[in-house]
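**Q** Structure below; questions to follow.
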Amino acid sequence: MLRATLARLEMAPKVTHIQEKLLINGKFVPAVSGKTFEVVNPADEKVIANVAEAEKADVDLAVKAARHAFESFRMTDCQWRRNLMLRLADILEKNSKEMAALESLDNGKPYEVALNVDVALSVECFRYCAGLADKVNGTVPPRSGNFLGIVKRQPIGVCGQIIPWNFPLLMAAFKLSPALAMGNTVVLKPAEQTPLTAVRLGEMVMEAGYPDGVLNILPGFGATAGSEIARHMDVDKIAFTGSTAVGHQVMQMAAETNLKKVSLELGGKSALIVCEDADLEEAAEVATTRVYFNTGQVCTASSRIYVHESVYDEFVSRLRKNAEARKVGPGNDTGNNMGPLVSKKQHERVLGYIEDGVKAGATVVTGGKKIGDKGYFVQPTIFSDVKEDMRICKEEIFGPVTCVMKYKDMDEVVKRANDSIYGLAAGICTRSMDTALRYSTYLNAGTVWVNTWNNFCPSMPFGGFKQSGIGRELGKEVVDMYTEPKAIHFASRSIVKP
């Protein structure tokens with residue numbers, strides 16, 4: 001996700017336009033109920049928008065529009081869909097500074113990160129999936145006798161997509177780009193904490209020339225909008241990114257209604273293994289960036305760090321120095337590299353975990369406290385003396401907190417790393433290619449990074465093992481998430497009987 005280096009620092013432009021309505025059938029409209037909800041800047045706790053609140057009636061209208069649009073959009077030429085998505089990518093890139101400023105305001109992340117990571121990778125996702133649009137190939141399996149068999153892939157239909165608050169624009173791009181490229185239509189619900197960039201993206205989709213109803217965007221709450229999408233009998237597929245607990249609920253709702261297709265990208269408690277031969281300066285930088293990037297609100301954050309006992313003290317010293325050097329503050333202030341947590345609820349949750357860790361007997365190496373009286377800021381935090389049955393070691397905190405533990409033997413530490421309900425990501429810092437290749441195979445995670453972390457590329461699949469999810473985003477594998485195979489059997493009418 002994070003590029004090797006961020007572009008030069010620059011001031012975030014002032015946000016001058018915020019779309020506050022729902023997008024249904026090509027028009028921006030208020031909610032049927034007339035309800036709105038407040039969107040708060042997590043850096044200063046001030047209200048920045050009052051956004052229309054979608055509920056069941058709005059979901060019904062959006063699904064109806066998506067179903068109607070699907071009947072024609074599914075039959076469109078794949079090269080036309082490719083060019084349409086390339087146009088959308090160009091529009092997003094042209095407006096990248098505006099979108100980054102809006103994301104920073106909405107989510108709290110540093111403007112430079114929003115610009116060079118969230119927006120830049122979103123553009124790449126749209127361009128990559130545009131390239132897939134005309135490369136979805138069927139097959140002609142061998143058949144016995146005078147028969148012909150063709151297997152083709154076709155779009156699933158109306159796709160519900162529920163987007164998280166940690167990467168609002170980027171996660172929308174992860175899901176929206178393959179869905180539209182394959183010829184599906186979409187009802188998308190952004191997180192209630194961070195709806196602004198998704199709705200602005202909807203304006204760009206309309207500007208690019210997508211037909212009415214192909215994309216519908218419904219800001220709202222999970223209980224009254226997200227659950228209605230997941231339960232809707234005319235939604236064919238649901239894609240969700242968020243916590244494992246809510247993922248269970250989404251899957252249950254899909255099963256209890258029309259057995260709609262489900263793809264889930266869920267939680268993680270990712271382990272980073274620092275080997276005895278690792279470059280400790282590099283390893284400490286990898287760990288620092290990946291623990292505190294996006295204020296730790298990343299499902300792949302290296303929140304469990306296992307360090308060989310021979311280099312443990314030096315590594316912890318380097319990690320502490322790096323953590324204490326982080327510049328924490330509002331995302332739109334130049335030079336800050338860690339913003340606030342996204343909401344009051346998340347702020348209280350993270351501080352609660354830190355308090356629980358202290359009570360359980362873990363040692364705070366650095367950090368552990370909130371910062372200031374305004375905004376949802378928490379110090380970068382490191383725990384040592386952690387036992388693996390502690391909540392801070394087992395549960396996903398989703399904040400700038402990590403646990404650093406010793407190990408003696410690689411086989412032993414891989415077992416410890418795998419002892420989790422999660423399997424989203426893992427990492428190894430080592431100078432040995434043999435070690436990297438061997439143990440990356442043994443780690444039960446959908447992604448393993450070696451001497452790096454959160455290094456995403458649209459051509460590589462992303463998803464989790466175990467309770468970290470079902471299915472994959474990105475890569476060629478994403479085609480399977482938004483198409484269905486159809487077998488067609490032909491009997492020859494020119495069979496000559498003896």
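Each residue, glycine too, has its Cβ placed from N, Cα and C.
Annotations for this protein, taken from Swiss-Prot, read as follows:
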TRANSIT   1-9  transit peptide
SITE      N166  site 'Transition state stabilizer'
BINDING   G242, S243, T244, A245, V246, G247  NAD(+) binding site
ACT_SITE  E265  active site, proton acceptor
ACT_SITE  C299  active site, nucleophile
**Q** Quick one: of the recorded positions N166, E265, C299, which has its CA closest to the CA of V246 (NAD(+) binding site)?
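**A** The answer is E265.
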**Q** By a 10 A CB contact count over all chains shown, which of the recorded positions listed here is most packed: N166, S243, T244?
**A** N166
**Q** Taking just the CA atoms, what is the gap between S243 (NAD(+) binding site) and E265 (active site, proton acceptor) in Å?
**A** 8
**Q** Residues near the NAD(+) site, G242, S243, T244, A245, V246, G247 excluded, by Cβ within 8 Å of the Cβ center?
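**A** My list of surrounding residues reads F240, H248, Q249, V250, L266, G267.
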**Q** Give the distance between the Cα atoms of A245 (NAD(+) binding site) and the residue listed as 'active site, nucleophile', rounded to the nearest whole Å.
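**A** Computed Cα spacing between A245 (NAD(+) binding site) and the residue listed as 'active site, nucleophile' is 14 Å.
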**Q** Using Cα-Cα distances with a 10 Å cut-off, which of the recorded positions N166, G242, T244, G247, C299 are near the residue listed as 'active site, proton acceptor'?
**A** G242, T244, G247, C299
**Q** I'd like the number of other C-beta atoms within 10 A of the C-beta of A245 (NAD(+) binding site), please.
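**A** A count of 11.
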**Q** Enter the number of other CB atoms within 10 angstroms of the CB of C299 (active site, nucleophile).
**A** 25
**Q** Round to a whole number and give the Cα-to-Cα distance in Å for the pair the residue listed as 'active site, nucleophile' and G247 (NAD(+) binding site).
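**A** That comes out at 13 Å between the alpha carbons.
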**Q** Measure from the CA atom of G242 (NAD(+) binding site) to the CA atom of N166 (site 'Transition state stabilizer') and give the result in Å, rounded to a whole number.
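**A** On Cα coordinates alone, these residues lie 9 Å apart.
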**Q** If I restrict to non-local contacts, at least six residues apart, and a C-beta distance under 8 angstroms, what lies near G247 (NAD(+) binding site) in its own chain?
**A** F240, L264, L266, G267, Q467, G469
**Q** List, in sequence order, the same-chain residues at least six positions removed whose CB sits under 8 Å from that of G242 (NAD(+) binding site)?
**A** I162, P164, L266
